[in-house]
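Colleague: Structure in structure tokens, see below.
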């Protein structure tokens, strides 16, 4: 077995045949690339004992780290009976150091997001994990950042509002720095649904949260889940702020209309066929039901 910084990599090795023996090394089929590889090019997972070729497993891990938002990396075999999960030692052995550090950071951020007793300080330059005192679930709790001493609400992350609800409170505290999401052009904002932090580096203003799949406008945080034609950017304060040319927007709408028309044509064509075939289908179902009833009826045996 190989080792990197004291961590064991479960790379398999084939037993050396006796000298003068020309028996070829056994080959194993990788379930990812479906290619046959020798045992020295395969890696076995600790938890489920599934075997994959090392290059495929490395690529799978890198993609899972970049797209998984810190969630556990599961066995790439879709029919794995043990539902194995990769251990941190395995990940550290097979991916570059920067990718492993990214995985640890995303995993920690996910743990903080899922923990009801921990949250991030909303000050952009702080990035401190704050502890929330236990209270009634869903009720606002005063949280004080141990680093910048900002007092904010545990629910809406706005400045603490003891005598008003989260919806009514829109106060800002510029003396503590720019809060996440208070500026339309802020590089980091919170998803309006799951409140996870999202950073926008480039691209259009139509955003989709990787955590809850909610689609919204980056500038005003309005819901865009049902706006398939992107009409939100035709009027109002976000007009022409989508980030694409007018021609590309029209082409997108044309494609959406084409898909809807195609589905409508398919429905019109298939509906008469279904109506004609429905008596035959009903007869077949009734016949099979009668057969099952006779088979299980004790009076006929």
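Just so it is clear, glycine is given a Cβ too, placed from its N, Cα and C backbone atoms.
Source: prediction; values computed, not measured.
As annotated in Swiss-Prot:
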- 26-242: region 'TRIAD supradomain' (REGION)
- 30, 33, 53, 56: Zn(2+) 1 binding site (BINDING)
- 30-80: zinc finger (ZN_FING)
- 101-166: zinc finger (ZN_FING)
- 121, 126, 145, 148: Zn(2+) 2 binding site (BINDING)
- 153, 156, 161, 166: Zn(2+) 3 binding site (BINDING)
- 191, 194, 209, 212: Zn(2+) 4 binding site (BINDING)
- 191-220: zinc finger (ZN_FING)
- 204: active site (ACT_SITE)
- 217, 220, 232, 238: Zn(2+) 5 binding site (BINDING)
- 256-276: transmembrane segment (TRANSMEM)
Colleague: Could you round the CA separation between residue 156 (Zn(2+) 3 binding site) and residue 209 (Zn(2+) 4 binding site) to a whole angstrom and send it over?
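Modeller: Residue 156 (Zn(2+) 3 binding site) and residue 209 (Zn(2+) 4 binding site) have their Cα atoms 18 Å apart.
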Colleague: Taking only the Cα atoms, work out how far residue 220 (Zn(2+) 5 binding site) lies from residue 191 (Zn(2+) 4 binding site), in Å, as a whole number.
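Modeller: Residue 220 (Zn(2+) 5 binding site) to residue 191 (Zn(2+) 4 binding site), Cα-Cα distance: 11 Å.
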Colleague: Just counting, how many other CB atoms are there within 10 A of the CB of residue 232 (Zn(2+) 5 binding site)?
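Modeller: Cβ-Cβ neighbours of residue 232 (Zn(2+) 5 binding site) within 10 Å number 21.
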Colleague: Mean pLDDT for the zinc finger (191-220), as a whole number?
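Modeller: A mean pLDDT of 80 is what the predicted model shows over the zinc finger (191-220).
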Colleague: Nearest to residue 204 (active site) by Cα, among 56, 153, 212, 217, 232 (binding-site residues)?
Modeller: 217
Colleague: What three-state class does DSSP give residue 153 (Zn(2+) 3 binding site)?
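Modeller: Going by the DSSP assignment, residue 153 (Zn(2+) 3 binding site) falls within a strand, counted as strand.
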Colleague: Can you grab the distance from residue 161 (Zn(2+) 3 binding site) over to residue 194 (Zn(2+) 4 binding site)? Cα atoms, rounded to a whole Å.
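Modeller: Cα-Cα distance, residue 161 (Zn(2+) 3 binding site) to residue 194 (Zn(2+) 4 binding site): 21 Å.
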Colleague: Could you tell me which of these binding-site residues, 33, 209, has the greatest number of Cβ atoms within 10 Å of its own Cβ?
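Modeller: Sorting the candidates by Cβ neighbours within 10 Å, the top entry is 209.
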